[in-house]
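Q: Got a structure here, written out as structure tokens. Questions coming.
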């Protein structure tokens, strides 16, 4: 089902948390609300499921205006960060709860619960209590409970935050599989860009109560709308260096180093301050436009190695390379940049 | 709270439910400074008449209110101090120290904590008679302390339990003795607990009625609770305005302490379980 | 023993001393006293021997010869040294000497016989009135005299010229003993007294009703304030905490004012033409309603605090989840909140039951068991019997026996609670071993 949020405004006390935000989610799409904590992504989610009132704007589920409808009447499924399973009920009762509340008959409940349990692979757990389950299993139960009522939209609030690294990987693909199998419209709230990129069709990245960019993951990674988005997307993160425009080059602050500008952009005025974003995978040996520096930090990650290289003006660039002969701290290197991949930003962080 | 439920029906319901208490309390305060003609609910005039008990020399056979107040303060403060001091050491021992009979002591404290102490009043009365502590403030203080102690120890133990073990382990590793660790490192961590327990015991003693009534009924060791009850008992035609003035005077420390330390006390009421 | 052990025991010592003296000793003494006949009549220290009119009446019932008992009650006139020296002091040496010479050692049944004998003496006082007064100096009786020992009592008996055989001596000594003695009569009495059964019944009604009000109202308040905005919730909680924190004397005084025949309720209902009355003591039902409300409000205060803090421990997301799952307020309370309050409710019920069984202060202050004895619960009954009996002697022994029942229930229940509330978890071993 298509979900539309129009001119949504939310205030707590006197502070505006969200101002005039609009969002259009296509039917069957999985959208990520990505952002740092306090950016308003959870507030948006709570407004969509009706736990928070909207102070302005409209919310449409398909053609139906649900702006003032309480949670109970909205038909949304929510998976909370801590799963919020009811500790005194068995897994079966947990999943059956939304149906029982709707006074469905026993036979239907039975059928639906076992179907959904089958879908999320927890059939053998139905008799247990939540406390007897591992984090990943609880997560599956929470999903089952959210899906069993066949909701118009599935809301996932940081669903992977409480899992350990290995389970997180597993559940990432599981959630995506289940979402695609059911064809449900889903919204994922997360602060982890890897999660957002790997699970969702589109990402809405939020900062300070508004959406900064809304696009497909790959596009957003390659074409961030601002320095904020560029900094948020990618792990290990992008490095920024500051400088001024001289001819069609950028001279780095307090140094004689000059870097080329990406070909695609319009060259700004002479002497304008500029910020260049360079991703670790674009700062490599054997490229043109080489930059001399000293290796100041090495982080071994197994298949890859991450180097911090300090330039002569003190700026630091990161480079990620396949593990071969490992350099030592203090080694002098002269690596180069892949020119088309350099991202240029204006003084306010806007993309040039 | 969520926006899914309306709260005004609850507000109305609770307001009606609370009416008896609000009325009683409202008139408790109002009636101390007003006069009302019989049969009416609305007072006619303001007066300070009902507070004259504070300044008048008392009728023969009745103690002065100030003497009684002093007694009550001595009773409440001494009880509170003794309970806190004793609970501080015993609570620590039960929470943190290895010792013989530890399980037995813990079980004992827990059992006594649930035990309805008032059933012992007859035996205590006879004991005090035999030992000559009957009709003395000291006797009442000792008994009240003993009866408050199990709860006090249990609460203090609870506060000690929340102090991280690592603090003590670090202290020991730094070469301090167990005693020094307790005095210098652990004790400062339980200051809030001390304060809360002190207030709680003070209030409990301040409000205590049965013990002074039975164990020290005579004038010299009278406290406000028994003073007030005698006032009510003796009057054939009750002067509620005067009772309320004395009552408000008596309740004032309780209300003030409660207003200031509301949250601290709630924690103890929550932790303690005596009805 | 290791040093740490000594430190631990040293830290425990003051607490052990105080609780031992004023807690454990009373428990044991309650049991001890319950097997005695102590009362304000017998006193609590050892007793004495004293023959009273009551003793004389009781003696024949115990197989003591009636005539001898009557003799004990009679005055006799015995010419002894004490009487003679009194006589010489009041009526002069010569008369005293003559009496000694003529009558020394003799015993007379009545004054008349003695006066007749005295009239034969030359130095006697001239007026008959004076003669009678002088004769009275020899009047001897054992009635209502305290003797410190059995021997002293028996010596005085033989002094007045009554000789008793051994069994009669024992009966006399036992009957005339005024101190307390060991007995199991208290228990026989309790099992046969209708008033004890009524007190037990009253206690049952009292505990059941008060508990329902405390827990029910406490839950209602906790739930209601849970759904209110912060400020309002705090205000209502502050109102409802008053019964618990106000000193009982004041709290009950407020209720008395509310229900008095010149109080609020009467004055208020007067507007509707209802005659003023004492709403607390007007009838048994009124008294019961008052007592249950007075105690129930206090219990509800505590329940509200305990349940509120237990509710705050429920994660908000769980409540949100249930709302999203479609639960309305009633369903949320019933399916989500109440099941998670099971333990706090059970806990509060258990402890309140125990303290209600034993408590009597609010009843004592409000109805004092009245009207009649219709609201006298067991604990108040024990208190009245032993410590607050206007009608007669204070029966410490009987009171202790009544209290002992409560002490036994108290200890039994406490130990039981200890078991169900998972004692072993509470006594985890210290993590530092020195």
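Positions of Cβ are set from backbone N, Cα and C atoms, glycine also.
So TrEMBL lists the following for this protein:
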- B:12-30: transmembrane segment (TRANSMEM)
- B:69-261: domain 'ABC transmembrane type-1' (DOMAIN)
- B:73-92: transmembrane segment (TRANSMEM)
- B:104-128: transmembrane segment (TRANSMEM)
- B:134-155: transmembrane segment (TRANSMEM)
- B:242-261: transmembrane segment (TRANSMEM)
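Walk me through the surroundings of each of these features.
A: Below 8 angstroms of C-beta separation, residues 43, 244, 247-248 of the same chain, each at least six residues beyond the ends of the transmembrane segment (B:12-30), sit close to that stretch.
Within its own chain, the transmembrane segment (B:73-92) is flanked in space by residues 109, 137, 140-141, 144-145, 148-149, 152-157, 159-160, 182, 186-187, 190, 194, 197-199, 201-206, 208, 212, 223, which lie at least six positions past its ends and keep a Cβ under 8 Å from the stretch.
If one looks beyond the transmembrane segment (B:134-155) by at least 6 residues along the same chain, the residues whose Cβ comes under 8 Å of a Cβ in the stretch are 71, 74-75, 78-79, 82-84, 86-87, 90-91, 94, 109-110, 112-113, 115, 117, 124-125, 128, 193, 196-197, 200-201, 204-205, 208, 211-212, 215-218, 220-221, 223, 268, 271-272, 274.
Through the fold, the transmembrane segment (B:242-261) approaches residues 27-29, 31-32, 50-51, 53-54, 65, 196, 199, 202-203, 206-207, 224-225, 227-228, 231-232 of its own chain, all at least 6 residues removed from its boundaries and within a Cβ separation under 8 Å.
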